[in-house]
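Undergrad: Take a look at the following structure, please.
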Amino acid sequence: MTQLEYALSGIVTKEMKIVAEYEGVDEEFILEGVKKGEIVIPSNINHKNLIPKGIGRGLSTKVNANIGTSDAYPEIEKEIEKLNVAVKAGADAVMDLSTGGDINQSCRKILENSPVPVGTVPMYQAAVESISKYGSIVAMPEEFIFEVIEEQAKDGVDFITVHCGLTFESLKKLKDNGRVMDIVSRGGSFTIAWMLHNNKENPLYKHFDRLLDIAKKYDITLSLGDGLRPGCLEDATDAAQIQELIILGELVKKSREAGVQVMVEGPGHVPIDQIEANVKLQKQLCHNAPFYVLGPIVTDIAPGYDHITSAIGGAIAAASGADFLCYVTPAEHLGLPDKEDVKEGVIAAKIAAHAADIAKGVKGAKEKDLTMARARKALNWDEQIKLSIDPDKAFKYRVNKNISTAKTCSMCGKFCAMKIVSEYLGTSTMTC
């Protein structure tokens, strides 16, 4: 049985109990959320070392880190290093997006070493292997994508991105209305190329019931991908994007009816003034399924700083109701991220998630900031560093920018605002 089927039967699973304890909520709250499909717990029955996390309404906003090999950098060991960095920095999930080297081995190694849920985009492996087996991506037999999905499911993958909403109907909207950047999703581009070359409907849509059978067998959470997500601000919230979203909403209902957990992916590049509307629209069209967003990136002019542009968008999206943020690293649009990029991306996304949780009233979020404020008032440097979202960086700044015995910071010194005011108010502080 899947987590959803257990919930529908009124059974609180071990995974639900772990999520409830982590979130500080009642088990019944998690049970009801999973039952309604508003909370998912990605947890493949074969991922043995998994510490499950819940994603969805009423829970803390979660962060995903993308890792994986490329044709230029096929070394699996480096991706394991990135995995460890991501988890240490606070990633709640990782996705293996490998396209280089031994993709099967990469996924298995990441699963062996990951305590957090692991996701994939099976079309990546199917496309890469189709080139060697059949000569091209478009020569791939329909059967092959399902063979890859089944193989990854057996290995223990917890959630998979599947671009099931890319149909001839949604493609027509793209052709009729035009775009600056057409399609920027790799999985989406592979799928569209296959469809147009073979003049056949997307097999993941056409044979969605078969996909559901595999997902149900292993309790894989489907992450319905946005193959028509906008790749620049100019393309945001257009007819093609919305048409795909409508189709995904229909597939959400089918997934739930089959007892399969499901969430929905979203944009992309979106102007700040359109982010809230995008989230509200997804929640309405997709029946309050958990919403997993890439960023969104709020300006196209900041390569090298897209961890910042995405954190801005992510905070707004999550505050508006998005549940799961996919990080963006400083290397986005420029190259494969290294482990430092991974850390920067996770931290930026965690800041966005936490800021949104304060706005949403997530249990315990605001209290963290109050605890930090009290530590600052008390000049408790050790506590401030401990409470920081990146304690290592906070410690380095404290040590490198100040004399080791100083009670002051080098910014204010004897002109500390808190010290001066506390002397006249009679409140207890030493210096800032």
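Yeah, the Cβs are placed from backbone N, Cα and C, and that goes for glycine too.
Marked as substrate binding site by Swiss-Prot: N66, M95, Y124, H163, S185, R186, G187, D226, G227, L228, R229, E265, Y292. Among the features that Swiss-Prot reports, Zn(2+) binding site is placed at H269, H333, with the record citing sequence analysis. For C409, C412, C416, the entry in Swiss-Prot reads [4Fe-4S] cluster binding site.
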Undergrad: Quick one: pull the CA-CA distance for C416 ([4Fe-4S] cluster binding site) versus H269 (Zn(2+) binding site), whole Å only.
TA: 42
Undergrad: Could you check what DSSP calls Y292 (substrate binding site) once collapsed to helix, strand or coil?
TA: strand
Undergrad: Fewest other C-beta atoms within 10 angstroms of its own C-beta: which of the binding-site residues Y124, Y292 fits that?
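TA: Lowest Cβ count within 10 Å among the binding-site residues (Y124, Y292) is Y124.
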Undergrad: Starting from R229 (substrate binding site), work out which of the binding-site residues listed here (H269, H333, C409, C412) have their Cα within 10 Å, and give them in sequence order.
TA: H269
Undergrad: Just name the winner among C409, C412, C416 (the binding-site residues) by count of other CB atoms within 10 A of its CB.
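TA: Of the binding-site residues C409, C412, C416, the highest Cβ count within 10 Å belongs to C416.
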Undergrad: Measure from the Cα of H333 (Zn(2+) binding site) to the Cα of every one of the binding-site residues N66, G187, Y292, C412, then give the nearest.
TA: N66
Undergrad: What kind of secondary structure is C412 ([4Fe-4S] cluster binding site) part of, going by DSSP in three states?
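TA: It is coil.
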Undergrad: Enter the number of other CB atoms within 10 angstroms of the CB of R229 (substrate binding site).
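TA: There are 26 such Cβ atoms around R229 (substrate binding site).
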Undergrad: Can you grab the distance from G187 (substrate binding site) over to C412 ([4Fe-4S] cluster binding site)? Cα atoms, rounded to a whole Å.
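TA: Pair distance, Cα basis, whole Å: 52 Å.
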Undergrad: Cα distance, C409 ([4Fe-4S] cluster binding site) to Y292 (substrate binding site), nearest Å?
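TA: Checking the Cα atoms of Y292 (substrate binding site) and C409 ([4Fe-4S] cluster binding site) gives a distance of 40 Å.
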Undergrad: I need the CA-to-CA distance for S185 (substrate binding site) versus H269 (Zn(2+) binding site), whole Å please.
TA: 12
Undergrad: What is the total of other Cβ atoms whose distance to the Cβ of N66 (substrate binding site) is within 10 Å?
TA: 23
Undergrad: Just jot down the residues in the same chain as H269 (Zn(2+) binding site), at least 6 apart in sequence, with C-beta under 8 A of its C-beta; none if empty.
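TA: For H269 (Zn(2+) binding site), the qualifying residues are R229, P230, G231, C232, L233, D235, A236, G295, P296, I297, V298, D300.
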